């Protein structure tokens, strides 16, 4: 093996070997174990969340594969309706062409062309992370097979009365001209206004204060043309007598009722609010409770209509209300209408006052435009009947959430679930399988031929297919079973469904997880006819944030690309990546400055294994995952440590007798100790992987390999390995232990760090007595409790403690590590005597001792530095070892320097001007500097005291 670890030299070639040999495919043997990759957007590229997700899933799938399970980890991508359509529209726009210029068919051809060119980007990146997915089964949500499954699901749900077409309020994107989901709406904090408007009372009604008008507070005066009522709180005494009376809607002249509803906050504004059921989600609910008309005043661009559209709550036209609107507003944009309405109120003397007001403004995450609640005809899934089985499946434990606390989030949403709007006014996506005749009748079927046959419509009847497509979440809601061949009862569907684990972020529990459970349980049945679940466990992880806990976003300039950490990136390229295409040049300057400070030389190349191990080590149960580059560096050093340890093992076992053919061996207490520690580590890593505590599994592995195997075992066995006079059986036993423990540790580490472990394993497998084409198909280590040796553990912990004690004294007294010293043991118990007799040669060599003896009873100890090992004292006589006055002088000088540092930094931090003006990270660095100096000062003072007492 090379002397230094170079991840790039091994990673790509190993992935190609694994993939070309079909090692990722199901073995066909053992109990099935399935994970479906949450399909990333085909438009996208890998972000840190994907990287984290893939590291976790691959750790699980490699672990179960090594346990002999018949594993299927199936990849795929999502067609990402709105995101993909926007990318292609932007490209066309750059050529001065719109999708409407091309027409639907030609535009869709362009989308497919773009998908073929760019769609492989994210799958290439998934490969780079070492993900052992079965690429032969890669799926795309617009594949022919999946498209058939989507149609089948829609038709069945419609036949079961669970899909209907209705007129309801949706999040309407006025730029993209489509309904969007709540997930695609971002609430922005903005400064706005609260307008207090007077609505005159009619029929001589008066308020308790004798006024002939109500003052209504609103943040959206532009919608008042569609007001259906004024609401007050039922217990608000100020307005009690007015409930059931009417107010006149200024500008329009319509009389609207004054109603009582607990939705009203008495403390907000005047305690009177306008109710506009067709333009506000909360008002829509109030409207349902009071049977108010729905008065739509906007068109699809959010411009005022020439005439309102008035409907009953069931969506039928309401002919009882005059739809007239003032002609001066016709065609006016909503925000222009806002200004005009406020001006007209002011001119009429009906504007009471205007207050500044903090608002949450909903905007489309892609278009950036203010979202309009808009009344429109859409297709809906009736979710309440579906939610019952989905709730029961989690309540009775058929589906478990890990961590368990996320079940409460799931229940709270499911028990208050609203019907799901599944239609989108886009061209790219699964077109709704519904047809309309000239009379407006709707027919649902798998295709037009089926519709004509089923409804006995002759070929002469003109049918037009619905223009809308389905919400992307509808097709991804069928992901676990549609990708296995449903509605056909394929062998893969029978074998690998239900799947075992879904790995996902908590932010899409509602949008994806819950809908998968509902749709799967309704559409897929067990052999006995009971609903089948999509997965047994939902592992929910937090969101990957930067080291300060900030969300990663382009505008913050803190986005990290996982592949830049794997392959490295120079500063200029990183700056270009972080600042290109930014709308605000000042922000770009700030981000460039911040990036130069954080990565003055760009990002070094750390390799895939270091990044994956970092992700696993961060996979705790919290909602936020703070990603720290320092950890990646630490785990890159861990990879180096493993590589160097392997080179040491190879040097000491290559061409040597390692006892793999059953030759007699003698195991020293050091060998028995490391074997015992290995059993405990096998138990711990397995237990934590089963509990989805990847952080604790990674920690156990790290501590065993770095602290026990590399830091101690490799040192403790050198005397035996390098002693030409050592018994052959003992040397053979040590060599066998050395290589077998390493080989087992590589198997344990493989799910986390597949590349480095495979490379080393291939080099040592013969000497370790193993055979096979790849580490990934080797059996998972199972602890042998019979090899846990408490006696050996006790003996070696004693040796370690004694050596650490000597090391500590050398450090405190400034004694060179190369200088041989005498030590005396005081208060030694019979067990200490035995341990000394067993390990004296080892201690003499490794602790660099001249002599070691036990203090006789009644003998007075010479002037010594002391360390404790249990009740036993380890004494290092100081005579001739140090020049006391010179050492005290050196310490005094260092103490003086540190006192100056403490005074300087402390003064800085007590300066109010500095603390008020300096950035938070600078203050934090200064505080850390102060704490470090104070700690060092305390240590030196203690050291000085010890030397002065000698």
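The backbone N, Cα and C atoms fix where each Cβ goes, glycine too.
Remember, it's a predicted structure, so these values are computed and weren't measured experimentally.
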18-28, 29-39, 40-50, 51-61 - the range that Swiss-Prot marks as motif ''HIGH' region': 40-50
Segment assigned the feature motif ''KMSKS' region' in Swiss-Prot (from 546-550, 551-555, 556-560): 551-555
Non-local residues, at least 6 beyond the ends, that sit with Cβ under 8 Å of the motif ''KMSKS' region' (551-555): 47-48, 543-545, 578, 582, 587
Helix, strand and coil totals (DSSP H, G, I; E, B; other) for the motif ''HIGH' region' (40-50): 3 helix, 1 strand, 7 coil
Residue counts (helix, strand, coil, in that order) that DSSP gives for the motif ''KMSKS' region' (551-555): 0 helix, 1 strand, 4 coil
Residue numbers, six or more beyond the limits of the motif ''HIGH' region' (40-50), whose CB comes under 8 Å of its CB atoms: 77-80, 83-84, 87, 115, 118-119, 121-122, 125-126, 129, 140, 505, 543-544, 552, 559-563, 627
Integer mean pLDDT for the coiled coil (881-950): 85
